[in-house]
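Taken straight from TrEMBL:
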TRANSMEM  124-142  transmembrane segment
TRANSMEM  148-169  transmembrane segment
TRANSMEM  244-264  transmembrane segment
TRANSMEM  276-296  transmembrane segment
TRANSMEM  429-451  transmembrane segment
TRANSMEM  471-492  transmembrane segment
TRANSMEM  553-576  transmembrane segment
TRANSMEM  600-624  transmembrane segment
Amino acid sequence: LIVHSSRKCNTHIPRSISLSLSNHLQRPRSSTSSSSSSFFFLTCSSTRLGVFDHIQEMENPPDQTEAKQIQPNGGKRTKGGIITMPFIIANEAFEKVASYGLLPNMILYLIRDYRFGVAKGTNVLYMWSAASNFTPLLGAFLSDSYLGRFLTISIASLSSFLGMVLLWLTAMLPQVKPSPCDPTAAGSHCGSATASQLALLYSAFALISIGSGGIRPCSLAFGADQLDNKENPKNERVLESFFGWYYASSAVAVLIAFTGIVYIQEHLGWKIGFGVPALLMLVASLLFVLASPLYVTRGVTKSLFTGLAQVVVAAYKKRKLSLPDHHDSVDCYYHMKDSEIKAPSQKLRFLNKACLISNREEEIGSDGFALNPWRLCITDKVEELKALIKVIPIWSTGIMMSINTSQSTFQVLQATSMDRRLSRHGSSFQVPAGSFGMFTIIALATWVVLYDRAVLPLASKIRGRPFRLSVKLRMGLGLFMSFLAMAVSAMVESFRRNKAISQGYGNNPNAVVDISAMWLVPQYVLHGLAEALTAIGQTEFFYTEFPKSMSSIAASLFGLGMAVASLLASVVLNAVNELTSRNGKESWVSDNINKGHYNYYYWVLAIMSFVNVIYYVICSWSYGPLVDQVRNGRVNGVREEEELLDIVGKGYEKEDLSAVTKAN
């Protein structure tokens, strides 16, 4: 621990701390430890580093699993940490079991009970998926700016429960959906759903989407709040492990949904199949609320998006001003006293004018606050907007992968037309068509466990130092896996379709082709690996690149990409349907799976995915180094030189210090 002594400091350091400093300085440095974990660089003149906070942490090392609050009686109460994880993860897991359990067979429910066609039913599900992934952005905004994460999750859980109850009522009450009818019977005239019946169905979808919008972005960030500690040198590893295990637990929940809930729906009917998810959602809500005294809660910032809009307006109003020399400009920018950002970064410099002080007397009041935030913004807001703009290109690369994973409707229809028995010899059990998505979840969870518990430890042992795949590399590999998944899907569908035609089922879409549905497993596995690499990678990327005040926004961005993907998937589907059905031709996405060409449709998505991989390489290269890379580079470079300067004095020039650094 090096204490900067270039200025006189009036702060009294207790004797016990002085002894600790002395012992630390005399302790030989490990050749394998990084300078960031060996030194705390404290300046007496810097208020933001908090000397006594670091002293207290050295005497009482921070545990990344705890947060302490002072009680009125003077005692300390532990909040946050591992004890909160079962309640937070259980709420997220039960919500996923409930909501995802409704998705796989929903196309069959819409086709059989509401008499939707394949294209219409698929588009309805795309819109529902888009709503469920757009609302997290709204939920993140309300959470960060007004309600806080705990209250947002609580309200969202109630909304999701009410939506599932409404959906359950559509199965329980015959009058809220079209009357039973056999469209194949001679002379039958099956009516479609009325406006009021559709309104009830869509209301159920809307309430479930609102619930998802509040739970999904906030739950991940709320869990990270219980563990996050920036001062801990192992914090990055703790968060990486948390993100992985959190995603794995969610994946297990989805696995249960794709197996247990889907099985109940297929064998016990929609009444029980929709009632069980509603009951699980009720349990999830109660568990989360009952643990409220244990949580660490963070304050909200008033109107986050308004603050970002103020940056744009202020930068435009001051567009004619000239920016000062960045080497000597800290006092020219408006920032809070306790802010870690004294001056804005040099990227997207035109936004720096938003926090540039042109006339201190006219722009800043006696209390130190800006008189007009639409003309002068703090540096933190400027950097928040920069971070958001900067990640947009990389964020957009994940949309194509989400389009590929949203093709579950066609995969369910494929599985329905294939032999779903586990074994053709003596086995009568059939895997439900909607349950094949479990192979995606199994692949995802398996990769997370192997990566965290086998790949990283083994690679670190071989290299003799900590090893991890960079988040950029993981995202790129995931996008390539997504391309492979669509290529395999196209080849398998070509094989299935040719087999169906050769067996004389060209005009019978309900016939079961003599081909095992296990041929679908490889594409599901590739989708799982793609999601494990890209989805987890993007979530970690957004969370670490964004300021802390935008953590919920960071957690919701991947979901926003899925929402955009659902809309674009609908556009692509409608375009393919329109273009290929002209002049009386059979559409590639025909209701008759054996007459259509789902394989051609998959090849279109595969080509788009390959182009997306190239696009990602360009975006990744242009993004530059990550925040952690910049921080580690400074710790291992500039800060180490500053520390050595304090040890050896001022007799060294910068060129000399490089040799001293190397020798040290």
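Quick reminder: no glycine exception, Cβ is built from N, Cα and C everywhere.
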Contact ranking winner - 244-264, 276-296, 429-451, 471-492, 553-576 against the transmembrane segment (124-142), Cβ under 8 Å: 553-576
Range from 148-169, 244-264, 429-451, 553-576, 600-624 with most C-beta pairs under 8 A to the transmembrane segment (471-492): 600-624
Seg_contact(the transmembrane segment (244-264), the transmembrane segment (429-451)) with at least 3 CB pairs under 8 angstroms, min sep 6: yes
